[in-house]
Amino acid sequence: MAMMSRRSFLAGSAAALGTTTLAACGNPVTLPESMEAVRPNAGGPSRGGALYFGLSTDPANLDPHVSTGSASDYLRQLAYNGLVQYDGSGEIIADLASEFGWSDRLTYKVKLRPGVRFHDGSTLTAEDVVFSFRRMMDKETAATSGPLLDQVDSVEAVDATTVAFRFEQPDVAFPFALAAPTSNVVSRKWIESGANTKTQMMGTGPFRFVERIPGVSTTFVRFDDYFEPELPYLNGIVFQPMGDDYARVTALRTATVDMIDYVPATHVGVITRNPRLRFASDKTFGFGFVGFVTTQRPFDDVRVRKAIALSINRPSVLDTALLGNGRPMDGALMPETFAPYASRLDGSMPYDPEQAKFLLKQAGQEGLTLPVVTTSSYSVIARPAQAMLPGLRAAGMNVNLTQQEWLTFRASVAGKTFPVHSWGTAPKFGDPASLSDFIGSSGAFAENLDFRDDKIDDLLAQGRRTTDPNLRNEIYLEAEKRALELVPMTYTIRREQGEAHYTHVRGYEHPPKGAWTATALRRTWMEKTA
Amino acid sequence: MRRFLVRRFGQAIVQLLLVGSIVFFLARLIPGDPARAALGDAATEEQVALTRAAMHLDEPFLGQFLGFWARLFQGDLGTSMISGRAVMQDLPSRIGNSLELVLLALAVSLVVGIVLGRIAATRADKPADHALVAGSIFGISLPVFVVGTLLLLVFAVLFPILPPRRFTSPWEDPVAHLQILILPVVTLAAASCAVITRMTRAAMLETLNADYVRTARAKGLAEKRVIRRHALRTAMLPVVSMTTVELTTLIGSTVLVETIFGWPGMSSLLMNAVGQRDYPVIQAVVLAAATIVILVNLVGDLAVRVLDPRAEDN
Amino acid sequence: MATAPESVAQALPDTPSRANGGRKPFFKRMLANRRTSVAGAFLLLIVVVAVLAPLIAPHDYRDIVGKPLTSGGTLGIDDFGRDVLSRLIIGLRTSLGVAVSAVLVAGVIGVALGLVAGYVGRWVSTIIMRGIDVLLSFPPIVLAIAVVAILGPALVNVVLVIGVLYIPRFTRIVYSQVLSIRSMEYVEASKIMGTRPADILAKTILPNVSAPIIVQLSLSVSFAIQMEAGLSFLGLGAQPPLPSLGTMVGAGRDFLEVQPTLLIYPSVLIILVVLALNVFGDGMRDLLDPRHRGKNS
């Protein structure tokens, strides 16, 4: 009904009724009117319809292997498939693979589904898979999955439909690397023909890429030869970039779009109170942290870092910065959904300004002035940084908070221009092995902290080799314990993050186990009767 | 007049060269680089360094600078470092969309502003004047993003008369296009309309009191004629020079308006490019905007000469 | 004056000063105009509040004093649990400080450039006016973003950027005014009498172009408040937790439907300040304008 009222508003102008026109001047792309029709299917998902999606960014680089953030993964995972994927409950299931798994301790084999076609009509072969993974492992590609694949010794086609990955030592995290939204399979022929992978997409996915009009829309239509029967249900998906939080929420509330991503914490209330809207979210994945450059005085002193960690009033940060939409984080970095040990570390970092004062005194840093940098570009990062200030002041510290625009902030963090930064991100995948990004010496986030601890490095390497789940659990528990002692960074809050959509949009599930994936959109359908 | 034109065109070209050079260096002075923007936040320093090299950002500044001008003179505005699209592919339609917004807003604010300013001046100190002055101050003092937000809240959420619709081109559906134009244009025009009202009022009061106008009155010319022939015409001088300033302000304000309403104009193209340090796009958009502004100023200068024969250049 | 038709008197704003005669001292004439003096008194109050802000504010603007987004305190509690009244007072101080300093920078430099360009003419005016054109041909917000990004987000840098951005407003207006009066008899007369150019500029030309400058000054302060708001909105202005009226309006936007006063209070304050500036500016124009005075004496 919402869709009806939106479109029938212009009843006077017949052209507007039911017509979906999306075009910039002189550059028309029209999804035919018939695409919006939905065919009800008794007992099963309806077929047809076009989904309009308000996206928080306008992903510019469509390369299958380079991600600029979770929003761009939506597009990538519509046009491309990986070998495996996460299902609705966060388990790894087949995608292009028909069978997959370790054939021995050092070999991972994937058998491909037969008869999978690319959008250009050609058939997927093992050669394409080998080519794709070699492209990701090539440092020149700067592939997002590159660091996850660093344990792979070789990848080769055993026969026309089987691919073997060989290792020098076991790598428990490898399946997560395969399921990552940036581990996509591309057509070797297409890439070698010189296709511009930044502006075009051509994969095996359920939707064909039609066109991206920067700032206006990115359009996909159903791929009729998709290998999964019935899928996809929708005729098309149109992404509209809406960078401004308020604009995005308004577009949803006025039914200009059916769905939005990245619901800002300040608007969760407005959306959850609306019975026609559904908020699909998690409180496990995204988190905020304060990082220290551990080689700069006085932050090379663990007592100073610990004092700061103890002065952050996490429940208060949560209540003010995110209006309670999230959870305070006073223990492990990894959430208990995929790190069973996590609850054993709860309460390790209480709010204790008296103890903080004591530690500062011991370190000879009473009344310390703290230069902190954060970014103004994302409220989920900027707001917690602001909200932690009263706690720090209560422990006698002065904070000079500087907000920088995103890339300036990134340059400041990488260049270590400020000894302390307040940031927010998410683990790359849903396994404690992703700890290495943050506390492993070669991790992208640890690099910013000049942090290196041999014991943690040993534990992380051990964890990645160990297959016994109980043993792994103990290993990562040790690693996290040590990180809580050394405090290269202190975690603040887990933010509630998710998408909102009308209830007539069905079948969409927010990734449940904290493993980011956007494949749920492949299975989404609309029951709109209009 | 012809010599004036030739000289002003020469100056315009020198200005463009200056703007182009300034923006080239300014963009590169901002911390952060496109290589980092092209990769996600978990990219390692090694990956960033490789991407930087692939973007030719390691090469000496001077070479990049000369290359930029060399390509520009061949009519090549370059290719986006992030999206891999030729800048020319997007720029014309973006400029068109922005100009539509800006020119409409300017037209609305000129018409409304001059009319209201004249009303206020001729009814100085009467209720109409007070109301207009108060109204214009209201328009001036509200930040653009507040006006936009309030309009959206009132006309889209609370009373959905003008819901924010998808961008529709005027060729396809003029009615729908006009519908989506209203709120952004009103938002954009609010402040400049108020400014022009104020300027017209002030300038007219000034000239109404000037000796030659009083002489005209003393000669017994009809009041209407006095206002139209003498006062309004002279009062137009500062309004004309304000208009050119106002146009630049409008082009600046579109940054916020295009963001709030998701309008695909050149400001949003530019803001995206600045956010990603996409140097070729930044350079192209700023140069295009500068060209427009310089042309507007040229026309403004011409208008001043036509309106006021006393104002000779030199 | 007596010969002026009725309609002229109607067309002139704020006539009381004239009716009371022009020989009275400046302040007396100002006080005689009720509107101007009310506006002036309000501005004085605002300035006093801004100067004494830390003493007047009931709470520390950074402290958590209550449950977020509730109506505690005099004017409520903001989303971070802080006292809205205290933040308004400190925010007023920040905004006024930035806007006034920026406009002074712009006014002094802009007027000087405009006078010189208009009076000297020739290549001097070409260089100045084309330089102004180059400055004007950049989209202002983008220039501000770039410069603040390069220099770092500090209030001093914001003052400088806004100041530089508003130079053209003054230069252009003064320039066109000077051009149109340069050849008038009284200027020519001064020249013939051998008055030094600096004196002609300061004593003859400046007073005659002051009316639009004053209007522009008061307008520019309000624009500067807005520009500061825009920059703060983009995270480049006042750095948290220090509030400015702009940051408060920007932050209030997110809570428009939960607690609209977070947006309304700072907006109303901005409007009041701008209103006062404008009324006061108008009054001052009428009092200062030599042509008005000339008619009365």
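Backbone N, Cα and C atoms are what each Cβ position is placed from, and that goes for glycine too.
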>> I'm validating the feature mapping. Which of B:46-72, B:235-261 is tagged transmembrane segment in TrEMBL?
In response: B:235-261
> Between B:132-162, B:174-196, B:281-300, who has the most Cβ pairs under 8 Å to the transmembrane segment (B:235-261)?
Replying inline: B:174-196
>> With pairs fewer than 6 apart in sequence excluded, do the transmembrane segment (B:132-162) and the transmembrane segment (B:101-120) have three or more C-beta pairs that lie under 8 Å?
In response: yes
> Which listed range (B:12-30, B:174-196, B:281-300) shows the maximal number of Cβ pairs under 8 Å with respect to the transmembrane segment (B:132-162)?
Replying inline: B:174-196
>> With Cβ-Cβ distances below 8 Å as the criterion, list the same-chain residues six or more beyond the ends of the transmembrane segment (B:281-300) that contact it, or say none.
In response: 8-9, 12, 15-16, 19-20, 23-24, 27, 68, 72, 77-78, 80, 87, 91, 94-95, 99, 240-241, 243-244, 247-248, 251, 266, 269-270, 272-274
